[in-house]
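As given in TrEMBL:
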- 92, 136, 137, 138, 139: phosphate binding site (BINDING)
- 227, 229: substrate binding site (BINDING)
- 53-313: domain 'Nucleoside phosphorylase' (DOMAIN)
Ligand SMILES: O=P(O)(O)O[C@@H]1C[C@H](O)[C@@H](CO)O1
Ligand SMILES: O=c1cc[nH]c(=O)[nH]1
């Protein structure tokens with residue numbers, strides 16, 4: 001085996017340079033490869049990342065704090081308060097460890113989740129937790145599904161309605177396949193224990209903006225409207241163009257729109273980690289753009305992906 005292939009296979013990540021690093025500091029998480037391998041101490045107690053089986057991620061720090069306490073209760077973890085479960089070292093990402101579960105915030109959009117995914121998959125790989133599963137619990141705009149529906153993603157699309165993720169590396173456009181694990185998506189759906197809400201398996205479109213569209217200007221605007229809202233500070237497309245695009249997306253199987261899924265599915269495919277996206281729809285975009293949801297409803301909708309993923313993790317841990 002040549003040196004490059006050997007380096008790659010030792011860590012299990014597709015980067016031959018990693019093995020020659022003299023220690024790797026995961027700057028945005030605040031942990032080092034040494035701590036990933038050997039464990040770390042918090043409040044005088046030793047912890048390891050080697051036992052991690054699930055990494056649950058979501059945009060906001062409050063949601064991930066809540067999920068830390070939800071999953072602690074579900075799996076009867078000896079420690080149940082967010083303060084005790086909190087292992088954050090930087091203020092970039094909220095970070096909790098609940099036995100075999102990490103609960104981590106990822107911020108909004110592809111750049112923010114991408115940084116987390118690079119660092120968290122290195123952390124898992126250094127720790128030898130190669131079988132860990134990554135699950136995003138989020139909010140989204142539905143297309144043709146009622147608000148409150150929980151969408152478990154079975155296909156991830158970019159704003160061109162392709163199952164691809166695009167990025168610019170060294171001044172060149174790179175296109176990577178963005179495919180998601182079907183068996184995992186179905187297993188999450190079938191683990192639902194709370195029958196008070198609807199779930200659907202369906203396509204999720206990832207965009208680089210909540211309002212207009214992608215920053216890339218590579219195609220005519222009507223091919224690339226993305227979330228296509230007409231209520232941003234700037235809007236250069238018409239409401240009719242928006243509706244045509246949303247209907248076209250729906251006819252391709254897209255049932256919700258968010259801002260992270262193709263980055264996650266394409267990076268996980270390359271790093272070898274299984275991943276899933278479980279997002280509640282806050283509105284039906286075929287009926288409007290404004291998210292006018294009341295606070296109580298927002299809170300209860302936000303708990304749905306948490307409840308579903310907690311049931312899934314509980315069932316996996318007890319099987
Ligand atoms: O996980 P969250 O609720 O942050 O996911 C969606 C996609 C964007 O990050 C954000 C836009 O409101 O919500
Ligand atoms: O419409 C929406 C709602 C939540 N998140 C999104 O990205 N879009």
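Cβ coordinates are placed from backbone N, Cα and C, and glycine is handled just like the others.
Where TrEMBL records a feature, it is marked here on the structure.
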{"residue": "92", "record": "phosphate binding site", "DSSP class": "coil"}
{"residue": "136", "record": "phosphate binding site", "DSSP class": "strand"}
{"residue": "227", "record": "substrate binding site", "DSSP class": "coil"}
Largest CA-to-CA spread of phosphate binders 92, 136, 137, 138, 139, angstrom:
20
From the Cα of residue 139 (phosphate binding site) across to the Cα of residue 229 (substrate binding site), what is the distance in angstrom?
16
Listed binding-site residues: 136, 137, 139. Which have a CB under 6 angstroms from an atom of ligand 2?
139
Fewest Cβ neighbours within 10 Å, where candidates are the binding-site residues 139, 227
139
Filtering 136, 137, 138, 139, 229 (binding-site residues) by proximity to ligand 1: which pass a Cβ cutoff of under 6 Å to any of its atoms?
138, 139
Can you count the other CB atoms that lie within 10 A of the CB of residue 229 (substrate binding site)?
20
